[in-house]
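Sequence annotations record features per position, and here Swiss-Prot assigns domain 'SF3 helicase' to 458-614 based on sequence analysis. As annotated by Swiss-Prot, ATP binding site applies to 484, 485, 486, 487, 488, 489, 490, 491, with the evidence given as sequence analysis. What Swiss-Prot lists as phosphoserine is 1067, and the listing cites similarity to another entry. Annotated active site, for 3CLpro activity per Swiss-Prot: 1110, 1131, 1193, in sequence order.
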């Protein structure tokens, strides 16, 4: 393959050599050939794209070659071509000899023919797929600009474009499937190009494209890697285990023979016939032989038929394959069975049916396999061929990906910066993947090709970096111009100044030339005589250089295209005092950017005056440049005397300030300071640099401190770099700066108090602080000395640079590696450690390469750790501290550092899963080696077999303890336990702190489990103790002790190493631990006859209690009274008691999410029988982090809605405390006579009603029809001009014939869909944050209402009574008090609520009678009304009205705006909050009510419950509202799955709290997805205003930067966020001066901040009137209330006055017309009068007289009009 590839690539490159060598001798031949071709070639419609690349085009001459490759005319046959020296040289590596031009053209012509004709003999050795793959590979290896020289390149590009157009609109799954199944390299390349293109534009197509591209670029899937090799490896492992590793191989041999049945198998194969029926018979006989007929008989026919169909559809290209499988004769081969097996194996490995050439090679290998030895050799040859062909497929796949990425690297495809950055990241991923393949020993022969692919990707990476750099700002350079007469020494001074500014040689730019390829980009740039040429626009050139915008230089060389100007200091020289005339348009911009130094040489000038005409002697010039006079002009001085006029009029009107005289040193210092000051704003944003340390000393001590720091670096083998001054140099670690007191520095500073050479002796013992005399913590010292920037892989090793080993680990298993790596990782890096461990398990022989690849993506801890890994693949040394360095060695290198003995390498078997990384030759060699060992073991004597058995028995486990030690008494139990000093201290401190008596083995095992992330209680507590110990590790001080022994320095601890009691978790970073039990008021204790506690029970209501059977068995008492009426169902049981607890808990048959103390629960919730100390119990296994104790049985496990789903019945004890056994809730009928009416009867069967699953009711309540809205008499003719009309009236309405029932059903369907909402842990954390935020202004323990009538009078009496009583509340009241039916209903519900029992959560459904937009009327869209039960509303008002009022009373400060008056100064407070934010987002939501998650609503109700007094009334209200709502209409009852009914009590407050929780969850999830751990209260760092689904979010810049992800998370929760105006598009920040909230535009008017009501809402007040109920809404009402109607129009005029005079005049005309036609006694106010009235009411000067708060009359925001 590599030889043929060299031919393809060398075809063009070699042509340049031989064309020049034979140009003269072949001139006449070329002329004749061109003439002949011109006469003989047929006319073509378009020119051949390859003609320009050849002397004689092979595309055009190939047409005269026959399909069989024979000779016809002047081109020789293929057989003759292969005999030429040119063909031989092409296939060899020696290309020093010249290639004959004619032969080269003939070879190219035949290759062209072979690509177009499958029967050409060249295809015998290579199939068309291979030839095409070679050309694609050549494309990938060449730069994109050189690919046009390849054969068929344009054709392949066109093919890929056609595939792109065909597949571009396909989904991602389809494209990924195509990559795995397609065998067309052009199609695969096109698919990769589509995936990568959409990944680069993932903002438009979705982030999943980018994530999928990153994942798939790292994967190369093949059948042989994933299935075939592991299968064969497992077979070899099993064979070894049963033979070589079997202590009794002789006993196994008969079983092996009986299992394989070799004689029967040989007879079946010998009688095989190569026909379709023969293959069916042979395969069926083999299946019968091994008893697998039944499991495969259904697929045998389809397998054989499918394979032959594929062969039959093959073209003539596969002629030999057809002949092989359809008609092999005896003279060709004795039996084709093995050929068929080899062909199938070749297909599985390479993915292609073997072509003629490959089958010929297979046939040649198998033809001579007549003996055992020759068969083994043939098998090895086949394995080598298969490995080579498989490697070819891998290289082809990498080539396709490289071509796709390289073709996307152009500005027309990846145009914006984001797409370039993503393309850069993908190119780096593929580059690293190819680099990993270069480390694979199987791919060593393909390393030249892989390196070329990496070179192509390097070009892409470089190009992307250039394109990124062009789009970014750069530091503004400093430009100084040295002006003066010729010969004064300006240029020499400029060069000397450049040396003082930088150690680098200066770059030089000459403006007389228009290209700058010689520019090197060094820190200092010199432009000599920049204004010498009048043809150059040097003013604009200088302005472009001294700018923050990138400056692209004009370069001629292709590799320099895109070169940027990057120098920091620019030194120019000029002979002109005024380089740019002040009258120039660019003079201001020019002089603002440059500083001019007037240079004079007084000695030279005096010599010229005294001796004119003589040369200036050398004595007039000094080495220290003291002969020069350097005068620095003031800012914008265009000459020595004047400054530019800012107005650009009189440039000689402003005198220049006196100059500042400098020397060469002070000038260099001034330029450095100017550069620092000019770019200070960019450095200030970076903040304090934590990797820079400054050591401040006096000027005379600088060199001594530098030597001391270098000695420290050498002594500790540190990674930091020592620098003198504040300028830093490149370093792999921190930088230590030696500073003087007056130097500015951005980093940590330490004052050196002891500085002398004698301090070097103090370095012994690592006393660095004492040697330098600095007060520096050990943590900072460790960070300074050992911090590593990034991840570094070292291929070359120097022993003096290796760090001292702290740990040496022999990798005998995966767990050794995982346990050692945990020392290097942060907690966030544990997942990467597990992945690395799995990779090592699957490929242990590639440990160094895998560690090298794994290290690039993991995060390391700040502790300094050095570990040496002894692996079968070599030695790996890993050093980490923030970053990491790794050395991969092929030999043992163990240095001092506590290692007492050199460990021996581990022995990891290379088979099983690791077989996928081994070449086929090694797999078959392992197989034959195993067979040889088995054979030798059988032939040898019994003594050898006995010895083998004795040898195998060595590895059996031995007893470790006898006698007194067998019970593991004593701390050092077991054998082989060795602890380091640090581990010993940890063990002692852990036992002492936690008051435990753990052995060393148990301690190490506990630490191991905790490191791997176990969630049992012991592991969780150990991690907490470890974190606390780590935080206190540095709590010590250096003290001086003066005693009898003299003066000595010691370190004493300021705090003990013990775990810290965190108390209440205010970090919000993790779930809180065990806390208060759920349903505390509903839990009671079950005792025995003596009063001893046995367990717990939970009150279900009405004196019925639930517990577990083993607690209730025997004589059991509850509150001193014997229980009765005990019923059991398995382990779950119920009983009755006359003692009733103050509250009750709801029960539900579902899966729990929390244990009794609030900790998360992990369970599959599948009941199984378990053996316990109380017998066999059927329950569900669960794990929690809470430790339980005997007597906790019966405590409740709850779901997200607070419903009890199971009871605790057992735990795993001290050994496995996290294991819990939970008895699920099952229904037990404990009912007596019902005490309350309930519509929804669970005992009735489910029915389907218009697509809804519901229960049928005994009574039918129809949906009210008609409307009370009528057209005003003033607009009977023009009412259609109004944008709104009354909502659809049902099937008889011509505007929309949709029935009211259909409207209700369509509205209810979204409520029946399940909405998950945010993740459990995220919601729980945000709930804690919101409670903590509200606690600042909402008191706790707010008392609930104890009077039923007082609670009832808090309700709105104009609303429905609900499903149990018809009409409105005020219809059932006499003299302000409820009548008997209403009072009886309230009393029944109140009685249950006082016992804490949840009430039926049922609503009656109606449709809102309101004005709707005309387009929504046509669609039949109406809003539903959920009529809540008056009893439930009364109980909820008693429970939560006080909490709700406390929240709404603080709307000016909190996030909930319920209760705000938008026509009062409150709107000014809102405006103040809005304008103080960095970014403001106004958001509305579609279908808000139906998309609410029940878990979020339950969390909001729990917030209300948190601030209440937790009375039984509160328990009843909370449990009622958290239960699923039931909608009742048309005689059916529907239980909904999600959503929040609009008629739910306190719906506005609950909706607003839901809104806060949703936004908080979205922000938290977005930040932590970006790697930002949220340990603070989010609601304290941003502001928001919510009123139901209306929201305004005031985000800081950190939140605004992830706003797209925040709104994406909200959509993922099931919500539908939209813009306020409902327009299509992403939600963007809005102008804070015009925010829309609650249909009001908060803006500034001449009268101040006002909330302007929508104009259309004001206008439609004049078109419609509320009157009697009717279906004829176009007819005016029979009677009009002049008082309420007049007040309504008066208010409309007041609101209109805030929109200005022009709009008010329009409203004034409508008001006059309404007064005239409606016969009202009203005089509409003038504009100024209306304005005055509104402002007086706004400021509270005038009492309001409108009906805005009266729901029974026509007001601007009542249910009649949509505001």
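Counting begins at 1 with the first residue displayed.
Cβ atoms are placed via backbone N, Cα and C, with glycine included.
Features as recorded by Swiss-Prot, highlighted on the structure.
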residue : record                           : DSSP class
484     : ATP binding site                 : coil
489     : ATP binding site                 : coil
1110    : active site, for 3CLpro activity : helix
1131    : active site, for 3CLpro activity : coil
Of the active-site residues 1110, 1131, 1193, which sits closest to residue 484 (ATP binding site) by Cα distance? 1193
So which binding-site residues out of 485, 486, 488, 489, 490, 491 end up within 10 angstroms of residue 1110 (active site, for 3CLpro activity), measuring C-alpha to C-alpha? none
Counting across all protein chains shown, how many other Cβ atoms sit within 10 Å of the Cβ of residue 488 (ATP binding site)? 25
Tell me which of the binding-site residues 486, 489, 490 ends up closest to residue 1131 (active site, for 3CLpro activity) in space, Cα to Cα. 490
Between residue 489 (ATP binding site) and residue 1193 (active site, for 3CLpro activity), the C-alpha gap once rounded to whole angstrom: 97
Under 8 Å by Cβ from residue 487 (ATP binding site), same chain, sequence gap 6 or more: 601, 604, 616
For the recorded ATP site, enumerate neighbouring residues of the same chain (Cβ within 8 Å of the Cβ centroid of 484, 485, 486, 487, 488, 489, 490, 491, site residues themselves excluded), in sequence order. 573, 575, 599, 601
For the domain 'SF3 helicase' (458-614), would you mind checking the mean pLDDT of the predicted model? 84
With neighbours defined as other CB atoms within 10 A, the best-packed of the binding-site residues 485, 489 is 489
Using a 10 Å radius around each Cβ and counting other Cβ atoms from all shown chains, which of the binding-site residues 484, 486 yields the largest count? 484
These are the recorded positions: 490, 1110. Which one scores highest on other Cβ atoms within 10 Å? 490
So if I draw a 10 Å sphere around the Cβ of residue 1131 (active site, for 3CLpro activity), how many other Cβ atoms end up inside it? 27
Should residue 1193 (active site, for 3CLpro activity) be counted as helix, strand, or coil on the basis of DSSP? coil
To the nearest whole angstrom, what is the C-alpha distance linking residue 1193 (active site, for 3CLpro activity) and residue 490 (ATP binding site)? 94
Same chain, 6+ residues apart, C-beta under 8 Å of the C-beta of residue 491 (ATP binding site), given in sequence order: 528, 573
Once the chains shown are all counted, how many other Cβ atoms turn up within 10 Å of the Cβ of residue 1193 (active site, for 3CLpro activity)? 24
